[in-house]
Amino acid sequence: YSLRTVLSGRCHLSKVGTGRRPPPARVRVAVRLRPFVDGAAGANEPPCVRGIDSCSLEVANWRNYQETLKYQFDAFYGERSSQQDIYAGSVQPILRHLLEGQNASVLAYGPTGAGKTHTMLGSPEQPGVIPRALMDLLQLTREEGAEGRPWDLSVTMSYLEIYQEKVLDLLDPASGDLVIREDCRGNILIPGLTQKPITSFSEFERHFLPASGNRTVGATRLNQRSSRSHAVLLVKVDQRERLAPFRQREGKLYLIDLAGSEDNRRTGNQGIRLKESGAINTSLFVLGKVVDALNQGLPRVPYRDSKLTRLLQDSLGGSAHSILIANIAPERRFYLDTVSALNFAARSKEVINRPFTNESLQLHALAPVKLSQKELLGPSEAKRARGPEEEEIGNPELTASAASASQKLSPLQKLSNMDPAMLERLLSLDRLLGSQGSQGTPLLNTPKRERMVLIKTVEEKDLEIERLKMKQKELEAKVLAQEALDPKEKENSLTVHRPLPRRTVTGAKPLKKAVVMPLQLIQEQAASPKTEIHILKKRGRKRKVESSQVSEPVEKASEDCWELQISPELLAHGRQKILDLLNKGSARDLRSLQRIGQKKAQLIVGWRELHGPFSQVEDLERVEGISGKQMESFLKVSVLPVVPALPARPCSNSSPLPCRRTS
């Protein structure tokens, strides 16, 4: 086996074992017609159901006796059929699937008073399906799990009821409402459900009979002991293989007694009985929806709409061999209930299940392999880690013989509970395989096909390791040959094969900025005697600054920011244009100025109409709503909007206008 399987301790096999899809198994349907409850009524009233043969029947229309509805199922049991006939004909054949690790289920369906509980439980004189199935199943497990057989079998039982959408444990009534879960493999399970191991039928009766008394029953007009809940008996068969490869199988048997659908007008239910009837009819309605969804191939099957359908997920459209026993009544007053039950049975006959074997590997007999630190190291590291005293004392021949003996130790020698003669034969076969050159235990326990695949994989890995070793030796020889060259040749070779110098990648250069000085600062600089006006020019990758007083151009790095001083003439021209705009412009024209919005433009126009034109730009401070600080900010930035905008580039000598500010 692979190392991954040994370390995990449990390896789940595929559902089919060969990778193919499980073969389909249709839900088998059997119909049972109970006899008349009152003999006098049966003599005076003809039945509405008549059997044609062992698989078909017909129902007479209660309005027109000449019309009949014909149905055909897998089996039909008339009113004279016994409990043994029903069990031997429909239920007993599916018990063998439990020993193969597959699931099976038996459902009793029908209206209230049709005999479902009698079919499943029966009486001491006429036992029903449940006692007969448990008796035969325990007998089969005793025979298959006897001493000397390859499998060890154990049987456990659980008993629950679904009462008003609550899952109650009948073996432990104080446990309360339980939840239904689904594991990673799609199996339905109930955490906290009591499981009782059973080995004989008397032990089964000791647990089952008191639990049956905990089931909820009640009296109605149609039935004095009417079941008010759905009862489910779960029997689990666990199998463990005694020899390698120590497989484990699990099969489940569901024996389900469904509560009957009720017409409250005829049953006379009131109070709690009415509430119970509503819960029963709702769950059976969801059961019909599940069957219809499976037959129509809908993408969503409403299993989760009811606790009953959630629990029957394996039985309908799941992985179980299912038998549905539809119980009907012969009286004409039950005509509608009978037709409804037969229609449900006909639809259930089309449901397809896909049973598979629940099998896994349980490597409990193999002892865990513990490697020492020296074994984890390689041969060279282990030799260096071992001291000289150990090398002198250790005997290589004894060590090799002990290692070979430990490698050939078979797990079959640990099976002390087997027959000594059989154990001796198996050990002799193991020694024979070891003497013929086999690899010991793994070859004996591994199937032939997997063994050949493992051997082939090991050979390929060995070839790959040898190829890598040869390649490493060639590389080492080439390096030694290069080191043996003359220094001059080595230098030439290095010069020839020197890689091209990498181009240094520098960061992006900062954007060039033209800084516009504030108006007040420009006025102060214009008033000073040493006024210089600089104009930037773009010449190649460098920029030269020409000054009116300096003859030689001064080179500046392209990273420096551009500073620009505006001439007083240009400043006065701009102020005059702004003043003209303030005196003659409309509110829309005034909004083109910096920091002038709709409200301030209306204030300027109103003030101009009342007090006359502005004499200078600073008169804006008189306008109500414009503060001195806003006026100062306006004067700093309002000169430039009247100047035509230029692209973001350096100014040339021929342009008298200032550069546009860029960010």
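From the backbone N, Cα and C atoms, a Cβ is placed for every residue, glycine too.
Heads up, TrEMBL stuff is auto-annotated, nobody curated it.
Just so it is clear, the model here is predicted, and its values are computed rather than measured.
Looking at 118-154, 377-413, 414-450, the stretch flagged in TrEMBL as region 'Disordered' turns out to be 377-413. Cross-referencing 38-65, 234-261, 458-485, 514-541 with TrEMBL places the feature coiled coil at 458-485.
For the binding-site residues given as Gly110, Gly115, the lowest number of other CB atoms within 10 Å of the residue's CB is seen at Gly115. Listed in sequence order, the residues Arg34, Asn223, Gly260, Asn327, Ala329 complete the 8 Å Cβ shell around the ATP site centroid, once Gly110, Pro111, Thr112, Gly113, Ala114, Gly115, Lys116, Thr117 themselves are left out. Within 10 Å of the C-beta of Thr112 (ATP binding site) we count 23 further C-beta atoms, all protein chains included.
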